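*Asks:* Right, I'll just put the structure down here and ask away after.
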Amino acid sequence: MLPHCSLLLLLCVARLLSTTSALPFEQKGFWDFAMDSMDSGGMMTMMRDEEEGSAVEEILPPDISMCPFGCHCRLRVVQCSDLGLTEVPQNIPRDTKFLDLQNNHITELKENDFKGLTNLYGLSLRNNLISKVHPRTFVPLKHMQKLYFSKNLLTTVPKNLPASLVEIRIHENRIKKVAAGAFAGLGNMNCIEMGANPIHNSGFEPGAFKGLKLNYLRISEAKLTGVPKDLPDSLHELHLDHNQIQAVELEDLSRYKNLFRLGLGYNHIRNIENGSLSFLPRLRELHLDNNRLTHVPKGLPDMKYLHVVYLHSNNIAQVGMDDFCPRGFGMKRTFYNGISLFGNPVNYWEVQPATFRCVSDRLAVQFGNYKK
């Protein structure tokens, strides 16, 4: 009988030691478990194991970081927005895919702020106070594709951006100059949003966009007085709205033969030189609303794929029968599905019905009322 009692006592002591030596709870371990189980049954099993004292002790490698204090970490997304942070937090998990640091008070990015985050795909720094970026800040981010840097205090484009970058948004900063080679080595870049910066035409040095194969570029709400020179000829969308552009000259659009959409609304354009639009054979949408045009631009009937034209809120007083449609049949590949002419001093009852013979539906033409 005595040996059996001794054996029972030893088993009880072993169980007591195993439960009291368990590691403290860590948030990252919990999220890992949640991703694996994804159901209430797994949670109940864990709770039951803890009650019975049979949970297996997990020993984490020393290089795995916990979630930064105040942040939320789940599914490799680290959300540290709206925390009043003045610097990039430490202890960011190394397997993080998306890091959200928007709406804080960060003023500077240091060299080692993102050290070890080689798996990072997206980084949001929107709405901070960042004015200084170390030249090697982004060097560790070998796989980052999306960088959201809008609403900060940048005066130049950050240096040494990752070659993997596909999209960058740096609008609403204080950028006045884009130096030659500012985007060098970014052959994968597809989209640049850099509107609402106080940049003039002279602020773009020759070669500023050299080597880029962009599809999308927006430089709206800036200080431009003309269409910038030497933009990437690969562009499908170019948005230059809300600037101070006075006119479109013959050679301004000559290199943009791949454009599908051109935005020139909310400028001061009085004249579009004859032949300017002939360089855009693939154009689908043309936005010229809220300018100072006195007539419909020449060349629209020759644009085979054009189907949306915004001309509202100009000074157009007359619309000719051949201003939009070609005379011959079969010359236009797509019919118009949107022509806006409201907000112009043109009397719609004076416009000949045949003017819109290449429009898909009569409701696609918008005249409206004109108010001085």
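Just so you know, glycine gets a Cβ as well, placed from its N, Cα and C.
In TrEMBL, annotation is done automatically, which means it is predicted and not curated.
Under the heading disulfide bond, TrEMBL lists Cys67-Cys73, Cys71-Cys80, Cys325-Cys358. The domain 'LRRNT' annotation in TrEMBL covers 66-98. Sequence annotations record features per position, and here TrEMBL assigns signal peptide to 1-22.
Describe the structural context of each listed feature in the structure shown, including burial, neighbouring residues and relevant distances.
*Replies:* Around Cys73 (disulfide bond), a 10 Å sphere centred on its CB holds 21 further CB atoms from the protein chains shown.
Close to Cys80 (disulfide bond) in the fold, though at least 6 residues off in sequence, lie Pro68, Gly70, Cys71, His72, Pro89, Leu99, Asp100, Leu101, Asn104, each with a CB less than 8 Å from its CB.
Around Cys358 (disulfide bond), the same-chain residues six or more apart in sequence whose CB sits under 8 Å from its CB are Phe324, Cys325, Pro326, Lys332, Phe335, Tyr336, listed in sequence order.
Broken down by DSSP into helix, strand and coil, the domain 'LRRNT' (66-98) contains 0 helix, 7 strand, 26 coil.
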*Asks:* Mean pLDDT, the domain 'LRRNT' (66-98)?
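*Replies:* Per the prediction, mean pLDDT sits at 96 for the domain 'LRRNT' (66-98).
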